[in-house]
Amino acid sequence: MIETLIQDSNPSFLDYKGRFKGLMGWIFSTDHKRIGLLYLYSMLVFFSVAAILGLMMKLELMAPGKTIMGAQTYNSFFTLHGITMIFLIVVPGLPAVFGNFFLPIMIGAKDVAFPRLNLLSWWIYIVGAFIALSAQFFGDGPPDTGWTFYAPYSFRTGTNMLPAVTGAFVLGFSSIVTGINFIVTMHRMRAPGMNWMKMPLFPWALYGTSWIQVLATPIVGVTLLMVVLERTLQIGFFDPALGGDPILYQHLFWIYSHPAVYIMILPAMGIISEIIPTFARKTIFGYTAIVVSTLAIAFVGYFVWGHHMFTSGMSGVALYTFSILTFLVAIPSAIKIFNWVATLHKASINLQTPFIWALCFLFVFMIGGLSGMVLGALSANVHLHDTAFVVAHFHYIVFGGTGFAFFGALHYWYPKMFGRMYDMAWANIGLAIFFTGFNTLYLPMFFLGMTGMPRRYYDYVEKFHGPNIISSLGAMLMIAGLIIIITNLVRSTRHGVKAEKDPWKGKTLEWTVDSPPSLENFEEIPVVTDHPYKYD
Amino acid sequence: MDNSQHTHIVKYKTFAWVLLILLIFTFSSVAITQLELGVYSVTAALVFASIKSVIVLMYFMHLKFDKKFYAIMMAGIVLLLASVIFVTFLDYLYR
Amino acid sequence: MTNHIHIDEHRDDEGAKTGMWIFIFTELLLFGGLFIVYSVYRYLNPMAFHLAAEELDVFLGTVNTVILLVSSMTIAMAITSIQLKKKGLTLILMGVTILLAIIFMVNKYFEWTGKISHGIFPGSEILHQSSQGEILFFGLYYAMTGLHALHIIVGVGFIGYVMWLVKTDDVKHDDYVILENSALYWHLVDLIWIFLFPLFYLIT
């Protein structure tokens, strides 16, 4: 009886009745958990679309010559695939979904600092997404510049660039608003007793990420604005005919877009730092080193943008500087890998699905990171620039890093988010198929790139045929794995077994609240006295 | 959570003095660039602008009286922007 | 299960101010991007920038600088007067700020229309016949002062809204963080102009 009374006074965030009912109760809710799920659902939709585009491109590459689409369609497909995946999924992905949902809970707060701004940022995200995607449906054909919008082609091409560029500009605001919100939340709303060095590592990663979001996004914002002005009003900025320098566009674009890679990967690293100690049943090795390396990545990552432009015609001095800085930024990433592996040493490992995702992350992230070192070397880069090698590298980092961490986090926090457990067996089967497909898809591309196959081409010579077939088969296998994983997760929101408060016996604050959490997360704000990962 | 607003009240007179100093700097930067000093006139104009912005930040924007965090971050932002310009110029200076 | 739960209104002035400061940092970097472009093109075309800058009216620029500096002082004083519980004076000082901002915009209007009537605007015949450096200079001139003017308009709206809050006593001597934030925003606009002025008007 008492049990039900307590239940009644604290309905979960999925059940409570607010000012609005039904769908309205979600899209006008300022609850950080509902906003997190809103982002999750919108991203799942965009992700499915972009993944299908990717699959179609791989099908086109099954055989030389035109198989299912022509050159212009292929151009618009990789552009849309890039814009959607980068601006709509991996850049906002982890902070907007898991940051929104878990940051306040993990630092012992009832919500973020500015809940209404938080909702606004989701609305900006949706508006930006619609503007960007509307480019496909009207005007003079879908954009064909690739997601980088390189000048001068981006204002010379006859295709419908304006909505795509404007959409990316608007999406930047969403990112900035989320960043401001998270920084203030962490500065002002940590539970009593939780000083900076007692904050869990996922919030720490979000702190670094938020600063990059706040400080790098405006630069790309104003750059895209310049492209818009150049296209509409013929103001000379980057057009060589008007005295502009197209390489300056590349500088400005990558001043944001390289740090954006760290916006993608830092929260992923934070999530891995949460999953590993929980399933290793052991304190994380070198907490301080991880925190410092997070901030170091955020800082050094701001100054390596030039390694995207090694063949663009920069000066020699700039080439050397950017190459050295690129190698430097690998150090803090490596420190983290060593810390995770050291945590596993002599641990009593509890081999569950989220942990297997984390292990897969380590594997693919290592491949991605080391191939990045190959590209960071100037002489190798000249050979490999704009080949399939680069595509393989950044898919290992962005999909292998952020994507694996995303699914890992989803499996780790799923019982907390939905209050139910997914089917473990199907989750593992899906993961196995996905992981096999992933490597079959991208490993041959390293080889293709080394032997000279350029990226962004819908056609190739006969000698690339073999690896391309393997790669395309891998793509199908990977999609099959994804379907199993997502079906299992969606199905379990209704049919899964009820989850307990702390199914993995984790130690951070989110495991002390109900599954799913109540509206205000905590009945009473907890007082923190100890380190977040105290297992022994 | 402490909700005490810092109650440091800046006197009207302080603001008036600050404005006077800012105006003096404005007029002298106009005057100095009217002289033909070549490259130095730009340098001088930018130095005056920097001094003016520091004064605006310290007094009008209350950095002098607020938590040190804001001032440190502000300095960090200036440093960041300067470093980005510096690194960009590694390309243009040696091209 | 029909309980209507609402989170207690939680007020955190310091947090609101931190948020505003971080927003100001973003704005600084937004203009920072344009300053990077400016510095690169000025380095590549020093003579053309020198010549093009002579087209601009130093007197008008100086007047606008003075106007913005004075308006910055009045909005700063508005905070002092609200702390001293002088509602009327606060409203007057904020009103003066808005008035000065409008004068600034009127000056800007005459400056721009003057340039345009001389045929100096992006894509114009006259500009296309001049050197590439001059095209870049005027492109940047219109973009940077235009973006700055947009910020002035937003600032006027923001301060006007806060004036309404002061009038209805929603902003008073013990709860005025939004006034502080609007003032911070206004100083940001001033701060950017402090750099735009020498970079466009004084580099002759």
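Glycine too: its Cβ is placed from the backbone N, Cα and C atoms.
The feature domain 'Cytochrome oxidase subunit I profile' is assigned by TrEMBL to A:20-529. If you look up TrEMBL, you'll see A:37-57, A:77-107, A:119-139, A:159-184, A:204-228, A:248-272, A:284-305, A:317-342, A:354-374, A:394-414, A:426-449, A:469-490 marked as transmembrane segment.
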Rounded mean pLDDT for the residues that make up the domain 'Cytochrome oxidase subunit I profile' (A:20-529): 90
Criterion met for the transmembrane segment (A:37-57) and the transmembrane segment (A:469-490) (at least three Cβ pairs under 8 Å): yes
Sequence-remote partners of the transmembrane segment (A:317-342) [C-beta within less than 8 Å, at least six residues beyond its ends]: 269, 272-273, 276, 284-286, 289-290, 292-294, 296-297, 300-301, 303-307, 309-310, 358, 362, 365-366, 369, 372-373, 376-378
Recorded stretches the transmembrane segment (A:284-305) and the transmembrane segment (A:204-228) touching, at least 3 CB pairs under 8 Å: yes
Stretch contact, the transmembrane segment (A:248-272) with the transmembrane segment (A:77-107), Cβ-Cβ under 8 Å, 3+ pairs: yes
Touch test for the transmembrane segment (A:159-184) and the transmembrane segment (A:394-414), at least 3 Cβ pairs under 8 Å: no
Outside the transmembrane segment (A:469-490), six or more residues from its ends: residues with CB under 8 Å to it: 44, 51, 54-55, 58-59, 61-63, 407, 410-411, 414, 422-423, 426-427, 429-442, 444-445, 448
Same-chain residues at least 6 beyond the ends of the transmembrane segment (A:204-228) whose Cβ lies under 8 Å from its Cβ atoms: 95, 99, 103, 149, 151, 154-155, 161-162, 165-166, 168-169, 172-173, 175-176, 178-180, 182-183, 186, 235, 237-238, 249, 252-253, 255-257, 259-260, 262-263, 266-267, 269-271, 273, 290-291, 294-295, 297-298, 301-302
